[in-house]
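**Student:** From TrEMBL, for reference:
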SIGNAL    1-24  signal peptide
DOMAIN    25-147  domain 'Beta-hexosaminidase eukaryotic type N-terminal'
DISULFID  Cys60-Cys106  disulfide bond
DOMAIN    169-489  domain 'Glycoside hydrolase family 20 catalytic'
DISULFID  Cys279-Cys330  disulfide bond
ACT_SITE  Glu325  active site, proton donor
DISULFID  Cys507-Cys524  disulfide bond
Amino acid sequence: MGCSCCRLVFSLLLAAALACRAAALWPWPQYIRTSHRRYTLYPNIFQFRYHAGSAAQAGCAVLDEAFQRYRKLLFGSGSWPRPSFPGKRFVLGKEMLVVSVATAECDEYPTLESAENYNLTINDDKCLLLSDTVWGALRGLETFSQLVWKSAEGTFFVNKTRIRDFPRFPHRGLLLDTSRHYLPLSSILDTLDVMAYNKFNVFHWHLVDDPSFPYESFTYPQLSRKGSYNPATHVYTAQDVKEIIEYARLRGIRVLAEFDTPGHTLSWGPGVPGLLTPCYSGSQPSGTFGPVNPSLNSTYEFMSTFFLEISAVFPDFYLHLGGDEVDFTCWYESNPGIQDFMKKKGFNDFKELESFYIHTLLDIVSAYDKGYVVWQEVFDNKVKVRPDTVIQVWRETVPVDYMKEMEKITQAGFRALLSAPWYLNHITYGPDWNDMYKVEPLAFDGTPEQEALVIGGEACMWGEYVDSTNLVPRLWPRAGAVAERLWSSNLTNNLGFAYERLSHFRCELLRRGVQAQPINVGYCEQEFEQT
Ligand SMILES: *[C@@H]1O[C@H](CO)[C@@H](O)[C@H](O)[C@H]1NC(C)=O
Ligand SMILES: *[C@@H]1O[C@H](CO)[C@@H](O)[C@H](O)[C@H]1NC(C)=O
Ligand SMILES: *[C@@H]1O[C@H](CO)[C@@H](O)[C@H](O)[C@H]1NC(C)=O
Ligand SMILES: *[C@@H]1O[C@H](CO)[C@@H](O)[C@H](O)[C@H]1NC(C)=O
């Protein structure tokens with residue numbers, strides 16, 4: 001059968017899915033028609049080429065480099081003998097994929113507003129990828145690479161196919177935590193590659209936290225000198241950060257940097273004396289420290305200078321300012337400076353004090369022409385924030401069920417990101433990807449206007465028990481469940497169909513050199529066939 005209108009057929013009938021197994025795309029496109037008519041690709045001849053009418057032409061780094069990457073992914077880096085094909089048979093071959101984009105933002109960064117739609121047409125007349133932007137072309141190239149298959153004899157084919165595709169949500173993120181454990185540069189770059197295979201488009205970099213401060217600041221070098229695990233080896237230099245941002249850009253991925261305050265900041269303390277609140281035991285300082293001290297002017301002077309640097313280093317419009325899990329004990333337990341400040345300001349509880357700090361910080365960052373994302377506590381504690389603030393939902397049931405929280409946030413008119421059901425660091429026995437897959441981000445009581453405020457979500461990999469030894473198999477293919485939920489139509493929700501394709505995709509990841517863990521009993525045809 002021709003498998004036309006696959007989306008509809010598949011959500012109704014698993015049998016149809018099995019018949020169409022070769023089109024094992026991940027994530028599944030919005031509209032696809034594919035058939036059994038196949039075209040041969042000769043590795044020695046095949047090329048990616050710019051359409052004469054394309055706004056981007058040779059010299060566009062984003063696409064030039066993508067062409068090279070996908071060539072290598074498809075055929076490996078070896079050389080191929082020239083095929084001896086009789087002219088007639090080549091009618092059913094394809095010499096090139098022609099790429100045409102409407103605008104050429106080759107030197108720019110992708111943004112929340114960037115279009116990622118593309119059309120891919122492979123038939124007797126053409127092999128053509130059309131998109132509005134280079135970012136859409138990147139998504140289409142990935143899809144094309146997943147359409148190509150190899151016969152038992154080793155011949156490459158692509159079937160007659162028509163795809164019209166676009167993401168359901170514009171913010172599809174993956175969080176890595178480089179504070180609980182340091183992740184080497186190569187782990188981050190490799191993750192960006194696999195993110196692109198999954199059409200993720202935001203790398204949420206939770207750079208620093210209580211345990212370590214690996215970001216090398218040029219205005220405050222003592223931060224990492226005193227706060228990292230090892231200032232020679234376990235830091236991200238300015239050069240590393242630049243490399244990560246550019247590597248991400250070339251894959252259509254934004255880098256959303258998070259510097260979480262006022263809690264989760266113990267590692268900031270040694271480098272900036274006076275920044276953290278000294279905790280008291282009775283009338284004496286106990287020698288331990290709490291959150292950033294909100295009662296001192298010097299705190300805000302420090303934050304102004306520090307975030308001026310951060311705003312310049314990270315080109316994305318958005319910064320993540322954290323704001324989660326502020327522990328009030330140290331403020332509460334009679335630090336006299338805090339008490340005086342509260343009295344002077346007329347604050348009755350510590351939420352007001354927290355609110356004062358965060359509000360002041362948000363003003364500082366806004367003045368640098370940045371937008372910001374914060375964790376849900378900022379909303380829950382009723383901090384006054386700008387109306388264009390993005391709120392990230394991470395708590396499963398506190399103070400309410402996460403879907404109720406999505407409802408409340410959007411009801412208040414704020415944009416929301418969902419993460420609560422997508423904590424990849426939580427592991428259990430068995431295939432847990434399907435619980436993540438079944439989540440429907442809009443399953444709350446809300447108007448269409450509220451639904452439109454859900455800009456996407458993020459899979460989170462917190463680092464307490466994760467470093468470069470186990471990062472890759474714990475991420476992949478599980479994070480793929482979130483990637484498809486955020487890219488594909490809400491009707492693409494059949495677990496059996498997803499299982500078939502995710503198993504296949506996991507094998508494809510192995511072929512691409514990614515040590516993705518199995519999701520089932522079985523084996524991969526390509527397991528030992530790395531090109
Ligand atoms: C591609 O075509 C081949 C036969 O030419 C067929 O076996 C395979 O199932 C097709 N794949 C898809 C996705 O239609
Ligand atoms: C893709 O195809 C659709 C429907 O034919 C068309 O409306 C749309 O403009 C095309 N998109 C691009 C980027 O060419
Ligand atoms: C802190 O700054 C405020 C406003 O600029 C000022 O009124 C206050 O006196 C300053 N406090 C100290 C201790 O310098
Ligand atoms: C999918 O979205 C459409 C349009 O928003 C909606 O009418 C439909 O109920 C949703 N279906 C599911 C299964 O969520």
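Here the Cβ of each residue, glycine as well, is placed from N, Cα and C on the backbone.
Could you tell me the structural context for the features on the list?
**Tutor:** In the predicted model, residues of the domain 'Beta-hexosaminidase eukaryotic type N-terminal' (25-147) average a pLDDT of 92.
Sequence-distant contacts (6 or more apart, same chain, Cβ under 8 Å) of Cys106 (disulfide bond) comprise Ala56, Gly59, Cys60, Ala61, Val62, Leu63, Val134.
Neighbour density for Cys279 (disulfide bond): within 10 A of its CB lie 19 other CB atoms from the protein chains shown. According to DSSP, Cys279 (disulfide bond) is assigned to a strand segment.
In the three-state DSSP scheme, Glu325 (active site, proton donor) is classed as coil. Neighbours of Glu325 (active site, proton donor), defined as other CB atoms within 10 A of its CB across all chains, total 13.
The Cβ neighbour count for Cys507 (disulfide bond), using a 10 Å radius and every protein chain shown, is 20.
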**Student:** Any idea what the Cα distance is from Cys524 (disulfide bond) over to Glu325 (active site, proton donor), rounded to a whole Å?
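**Tutor:** It is 43 Å, counting Cα to Cα.
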**Student:** Here's one to test understanding: among the recorded positions Cys279, Glu325, Cys330, whose C-alpha is closest in space to the C-alpha of Cys507 (disulfide bond)?
**Tutor:** Glu325
**Student:** List the Cα distance (Å, whole number) between Glu325 (active site, proton donor) and Cys279 (disulfide bond).
**Tutor:** 17
**Student:** For the disulfide-bonded residues Cys60, Cys330, Cys524, work out the Cβ neighbour count at 10 Å and name the residue with the minimum.
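**Tutor:** The disulfide-bonded residues Cys60, Cys330, Cys524 were compared, and Cys524 has the fewest Cβ atoms within 10 Å.
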**Student:** Within the domain 'Beta-hexosaminidase eukaryotic type N-terminal' (25-147), how many residues are helix, strand or coil going by DSSP?
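**Tutor:** When I sort the residues of the domain 'Beta-hexosaminidase eukaryotic type N-terminal' (25-147) into the three classes, I find 33 helix, 33 strand, 57 coil.
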